[in-house]
Amino acid sequence: MRALLARLLLCVLVVSDSKGSNELHQVPSNCDCLNGGTCVSNKYFSNIHWCNCPKKFGGQHCEIDKSKTCYEGNGHFYRGKASTDTMGRPCLAWNSATVLQQTYHAHRSDALQLGLGKHNYCRNPDNRWRPWCYVQVGLKPLVQECMVHDCADGKKPSSPPEELKFQCGQKTLRPRFKIVGGEFTTIENQPWFAAIYRRHRGGSVTYVCGGSLISPCWVVSATHCFIDYPKKEDYIVYLGRSRLNSHTQGEMKFEVENLILHKDYSADTLAHHNDIALLKIHSKEGRCAQPSRTIQTICLPSMYNDPPFGTSCEITGFGKENSTDYLYPEQLKMTVVKLISHRECQQPHYYGSEVTTKMLCAADPQWKTDSCQGDSGGPLVCSLQGRMTLTGIVSWGRGCALKDKPGVYTRVSYFLPWIRSHTKEENGLAL
């Protein structure tokens, strides 16, 4: 009973003192306070210290900038409160049991410097292209980009910007080798990606296939995407688009002036032969594509010059997560596969003689990620001599991410003469 009375008396003293002017005492002890925060303690518990933060900051060390609504650069020093991914899913807390098993978490020795703590706010501790967080997807946490915009997108330049030019294979975000499997991305990471849609009689529009911008006026895709509806008037093309059915800042919309399908295209039970198409595009104003941080051309390879087998390459698209899915994902996805030799791909338990020298095979060594329905026509890009190069066009395959059934791609280096003969603008192509 005496112990209980003593505790009650202590509580009364603390509460009464907190109403006075001497509740907090600034102390020289190091609390690691940031952004002008001061280290303080209570009069009766001088061995307990914490940070007293300026108005716009919060967190244990005043490390959270409550006023920050956008990120600068790649967001490495972003300390705002965005806490959802681009699909609107909540981020996991950096100190949650699930995240503590990952590489970046709140218990790291450098967590404070990286902005990680007892919160679920988006951060960029590993210098990726923008802030991200861990999101629970199924049974495991996945790295996902965050719903927070670049401060530069909302700034008006004080002086006229330099004229932008197309520089094939260059992207504002650094190459990342980490669409069954894979991860969500934004168009800045694949600025040559073209989203192709088909108009219907009732006025509705549906996504058909992907494509790649090879010059300001030309997109290359796969013939099988258009063979059933070959009228150019049926199609529209978007460049600079990250989301399937909603607007992306800076995107451009184009009509199809000319649709060229390969005259020798054919399809077997499974394989597609000469599966390549060209779309000449123009806007309502009659202009071709204009370069920006979200719109860029992809380099074309030289004749028969393909990366060596085993090279890691990127595939991009709005393809389904699984072949049995009904809907396409709303956000653009990207993943990495490795090129497979023709000899291996022509093995009987792979595809046998269905694979020809006009095709390339690529797959994830663990068979966990692959192109899938809806990725057709999209790019397979590989780094070649320091530039991202269009090595293949998504064409066909059995299922999605099935063991011993890699994705098969149209071999772009084989079709260079065909591309040049139809575009008639070799100097304007991204060679």
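Heads up, the Cβ atoms here are built off N, Cα and C, so glycines get one too.
The feature region 'Binds urokinase plasminogen activator surface receptor', as given by Swiss-Prot for the ranges 10-33, 34-57, 82-105, 394-417, sits at 34-57. For Cys382, the partner cysteine in a disulfide bond according to Swiss-Prot, taken from Cys225, Cys288, Cys299, Cys313, is Cys313. Checking Cys345, Cys372 against Swiss-Prot, the residue bonded to Cys361 by a disulphide is Cys345. Candidates considered were Cys217, Cys225, Cys299; the recorded disulfide partner of Cys288 in Swiss-Prot is Cys217. Mean pLDDT across the domain 'Kringle' (69-151) comes to 88 in this model. Take the disulfide-bonded residues Cys31, Cys53, Cys91, Cys122, Cys345: by the count of other Cβ atoms within 10 Å of each Cβ, the lowest one is Cys31. Of the recorded residues, Cys33 (disulfide bond) and His224 (active site, charge relay system) place their C-alpha atoms 61 Å from one another. Around Cys382 (disulfide bond), the C-beta neighbours below 8 angstroms that are at least 6 residues distant in the chain are Pro307, Thr311, Ser312, Cys313, Glu314, Leu339, Met388, Thr389, Thr391. Closest by Cα distance to Cys361 (disulfide bond), from the disulfide-bonded residues Cys39, Cys53, Cys62, Cys122, is Cys122.
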